[in-house]
Amino acid sequence: RFIAKPCAINLGIQDSGPHRAQPNAILEKVFTSITKSPDGKRLEGLSKQLDWDVRKIQRWFRHRRNQDKPTTLTKFCESMWRFTFYLSIFFYGIRFLWTAPWFWDTRQCWYNYPFQPLTSRLYYYYILELAFYWSLMFSQFTDIKRKDFLIMFVHHLATIGLITFSYMNNMVRVGTLVLCLHDASDFLLEAAKLANYAKYQRLCDAFFMLFGVVFIVTRLGIYPFWILNTTLFESWELIGPYPSWWLFNGLLVTLQILHIIWSYLIVRTAYKALVRGKVSKDDRSDVESSSEEEDVTSNSTKGVFSTSSNGSNRINGHVASGQWTEE
């Protein structure tokens, strides 16, 4: 409110929502009481009742659905908050782990387990991360509902379960490695979103490409060969198959499956941008382009990116950043 909003205004981001639908009592009653996406039969009936063509009624429903979406200014402020947290907690974690012996030798995570001291820095690091992911869990139900809602819900559940479980079982050493590794790419994605909302397209593309590289290296390279290796094999060798071994590693493997899914989406987005030269609509985003935008798209092959009401956009020839900016 006091930092992000002034920054957004200075960057020229207006606090204006999407195009509002023309007031119409009949259509509003259908929208609020019956359906937000009428089928063909209902559209024909409304067309005869209002003496409107079907395309105009479809456009009205698109505008009506989109007008409740948050503004670009609202999304900029939210992304700036997340960027600030991810960046701060990542550097805090790196600074703390740099002097930790288990950062350089993962076998140290299991020496003298479970009799390992819980320092104040370890405690605050864990509590901050846990509080943040709980906030994401709750805010997911009030944010725009996207098509990967279930995947994100599972991710938050697995993350909260891992943080809580590892804290209760004093597995905080390996837990800090998992947390720091996941924070390494998150702030880059939020930075790319900020650049996209501010319409700095080349900066947005650069951040996204960097995010993609860091994400794939950390989630498909370091995570399985560094984290899963120590939790699956080194822990078994040093302390044996403790009772909760299966649950703990089951949650970690669940995260790895989600990493593979997201990496596929990132690679697919980059492929469409670099090889085809243009990007289709974000599969995850629930924003709907207006019929005017559809007309422009159908008659043009340039794929120029214009930010829509919830931040999804079309690309101007660089990288497919608009396809993923809705996360």
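Glycine is treated like the rest: Cβ placed from N, Cα and C.
Annotation comment: TrEMBL describes 29-72 as DNA-binding region.
Annotation comment: TrEMBL describes 301-315 as compositional bias 'Polar residues'.
Per TrEMBL, the feature domain 'Homeobox' maps to 27-71.
For the domain 'TLC' (74-275), the mean pLDDT of the prediction comes to 88. Taken from TrEMBL, the feature domain 'TLC' covers 74-275.
Annotation source TrEMBL lists region 'Disordered' at 282-327.
Among the features that TrEMBL reports, transmembrane segment is placed at 83-103 (among others).
Remote same-chain partners of the transmembrane segment (123-142), defined as residues 6 or more beyond its termini with a Cβ less than 8 Å from a stretch Cβ, comprise 85, 89, 92-93, 96, 149, 152-153, 156-157, 159-160, 163-164, 167, 172, 175-176, 179. Among the features that TrEMBL reports, transmembrane segment is placed at 123-142 (among others).
Nonlocal intrachain contacts for the transmembrane segment (207-226), taken as residues 6+ away from its ends with a CB within less than 8 angstroms of a stretch CB, comprise 106, 177-178, 181-182, 184-185, 188-189, 191-192, 195, 255-256, 259-260, 262-263, 266-267, 270, 319-321, 324. Annotation source TrEMBL lists transmembrane segment at 207-226 (among others).
Residues 151, 154-155, 158-159, 161-162, 165-166, 169, 171, 178, 212, 215-216, 219-220, 223-224, 227-228, 231-232, 283-284, 324 of the same chain sit 6 or more residues outside the transmembrane segment (246-267) yet have a Cβ under 8 Å from a Cβ within it. For 246-267 (among others), the entry in TrEMBL reads transmembrane segment.
Long-range contacts of the transmembrane segment (83-103) within its own chain (CB-CB distance under 8 A, at least 6 residues past either end) are made by residues 109, 121-122, 125, 128-129, 132, 173-174, 176-177, 179-180, 183-184, 186-187, 190-191, 193-194.
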